[in-house]
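For reference, the structure is listed below as structure tokens.
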Protein chains: 2
Amino acid sequence: MADPSNEFQTIQSIGSKALLKQITNFDAYKREEVVTSVGDDAAVVSDDGDSLTLLSSDTYVEGVDFDLTYTPFHHLGYKVVAAAISDIYAMNGEPHGMLINMAVPNRISVQMIKEIYRGIYAAGENHKTEVIGGDLKANHSNLVITVSVYGKAEKKRITYRSGANEGDAICISGDVGGALAGLRILMREKKYWEEHGGDEQIQPELGDYEFVVKSQLVPEARRDLIETLKTHDIIPTSMIDVTKGLVNEISELSEASGLGAYIYQAALPIAIETRHVADEMEEDVDRYALFGGEDLEIMFTLPEKEVEEFVNHFNDFVVIGRMVPQEEGMQMQTAEGAVVSFDELS
Amino acid sequence: MADPSNEFQTIQSIGSKALLKQITNFDAYKREEVVTSVGDDAAVVSDDGDSLTLLSSDTYVEGVDFDLTYTPFHHLGYKVVAAAISDIYAMNGEPHGMLINMAVPNRISVQMIKEIYRGIYAAGENHKTEVIGGDLKANHSNLVITVSVYGKAEKKRITYRSGANEGDAICISGDVGGALAGLRILMREKKYWEEHGGDEQIQPELGDYEFVVKSQLVPEARRDLIETLKTHDIIPTSMIDVTKGLVNEISELSEASGLGAYIYQAALPIAIETRHVADEMEEDVDRYALFGGEDLEIMFTLPEKEVEEFVNHFNDFVVIGRMVPQEEGMQMQTAEGAVVSFDELS
């Protein structure tokens, strides 16, 4: 087990995803009832009945995943829960309960914690999910929050990343890139504020940017999509939630399904407000859409025929491409008609 | 919701337990299938069948809960899992799976993370618990680990803190105070090492203290107790695991059960090795036993008659007192025969 070399290998040098893969190769204890563990949005465990239990947990680190200088505490509480719950929706399941663990530095007051919890409970209410446990520990420097969610999926409805078929349409709910556009605005305002001596009298003017700032601070997990799929008995062939950016998510889904993907740049769902921000920043809005994370939208695949049916019931999604044989790789047709591989994009 | 006063109230000033209680008074979303949420060792959720699902999560903070200067990484991995799993045993249940979330500073290498996981998997093996998920995030300063465990209990066997009856014997597995004694030794060695310029050639001599150091670094959760109870179909009236010290745990259990407790100082199970450390430190070993945490032993209550039966099957527990009416409060009879209230102890 021990590495023979004494060299200090940083986690950044191999990436946390690769490290987790190396670790999970260990000859570890396995239980019969565990259907899938690492490798999808949530772990899946067999129940006695017709349902499956889904479990997922995410850690959010102050200074890495969020910045308290521009994040209201109740928004923070709402967002960490929405993001954790989105992993359950991404399995076509419903969240039921959550455990909240916080490591709290002493510059965070009782009132601030209560504000975070106000957001947590608001998200719980909207997503019918009860806070059932967790703890509160002291930390030296920064706030660290872990949200663990459990939920249920019907055995016949559960949807994995790995189920996409050749020819399936790649669909995505809502729009993408908005959360990154919001982050850009908030970072600009923070910089301005710092350069002006941190004067508390200067209030950032965010009114014009409400849409994108909201996309960043309080993104909403797509319960509506999951409910509509259920109502009309449509089961996607595969699903994943968009938290690290479209390119990453399409790649994950294609790899898990043993396929390639072909997408159309012109079809990327980008809000007009997101375009305005990119223009103002003199940046490429398509990069926001392709690489921006945290939108909490759901990417899913459906046979063409079912897309035609589903569009009658749910209007907040678009088709951005289709699944192709693995040997065709990952490609995007640009608005100008050129075809570029995903490798050229990054 | 917002507090009208603008005063900065620290979490320490009211305590995290009181704060969590205040928070859970919020008018939050509740689900029908949640039997109990906060307030016991684990949350309890109804399944469709004859079992209940148990869920619990704990956060461990470097510099607060553990010190990497004297904690081998694989021991750390083992301990955080054993401690989290102990909460499932404390409901008379069996752990099945766990999610591991880490926020990792860049002075922690790939090899160190693998060593932590080696300990995690070793604990998983011993407790038949599979690692089913989690994540790995960057952190700025210190290592923060959250372990979330789920398990199962039979409906007829689940044991809450609240079920103790007047006259029940208060039993405890193993011995207590050993983990604190080990911490004392490790802190002394660390101080010595620091005072001698942190010379890596000076290896601490811990051979004489193996028992207590092991109690601190790799305490074992009491699967054996839970299995033996099951084999002989004995169900305690109440249970709690000893992680914050006997006095705290007896108080929690008594409060939950609406009773008082009367314990005998002379009956406290203290290992000879723990006594030696207290003698060497010129400290009171009974304080180690009463206030030392992290031993991961299980406190449980049984009617006298069942104690007599259980002692034939399991020899690693002792009776330290009995449950009394609430109005008699929390008291300890000292070795000299005096009776002191718990309030006088601290």
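Think of each number as a place in line: the chain as shown, counted from 1.
A Cβ is built for glycine as well, from the same backbone N, Cα and C atoms used for every other residue.
Per TrEMBL, the candidate among B:Asp241, B:Asp279, B:Asp284 that belongs to the Mg(2+) 3 site alongside B:Asp41, B:Asp87 is B:Asp241. The distance from the Cα of B:Asp65 (substrate binding site) to the Cα of B:Asp58 (Mg(2+) 1 binding site) comes to 11 Å.
Chain A comes within the C-beta cut-off of under 8 angstroms for the following of the binding-site residues B:Asp41, B:Ser56, B:Asp65, B:Asp241, B:Phe342: B:Ser56, B:Asp65.
Among the binding-site residues B:Asp58, B:Gly134, B:Asp135, B:Arg161, the residue whose Cα lies closest in space to that of B:Asp41 (Mg(2+) 4 binding site) is B:Arg161.
For the pair B:Asp87 (Mg(2+) 4 binding site) and B:Asp135 (Mg(2+) 1 binding site), the C-alpha distance works out to 22 angstrom. Across the structure, B:Ser56 (Mg(2+) 4 binding site) and B:Asp241 (Mg(2+) 3 binding site) place their CA atoms 13 angstrom apart. The Cβ centroid of B:Asp41, B:Asp87, B:Asp241 marks the Mg(2+) 3 site; residues of that chain outside this set whose Cβ lies within 8 Å of it are B:Asp40, B:Ala42, B:Ser56, B:Ser86, B:Ile88, B:Tyr89, B:Ala90, B:Met91, B:Ile240, B:Thr243, given in sequence order. Ranking the binding-site residues B:Ser57, B:Asp135, B:Phe342 by Cα distance from B:Thr243 (ATP binding site) puts B:Ser57 first.
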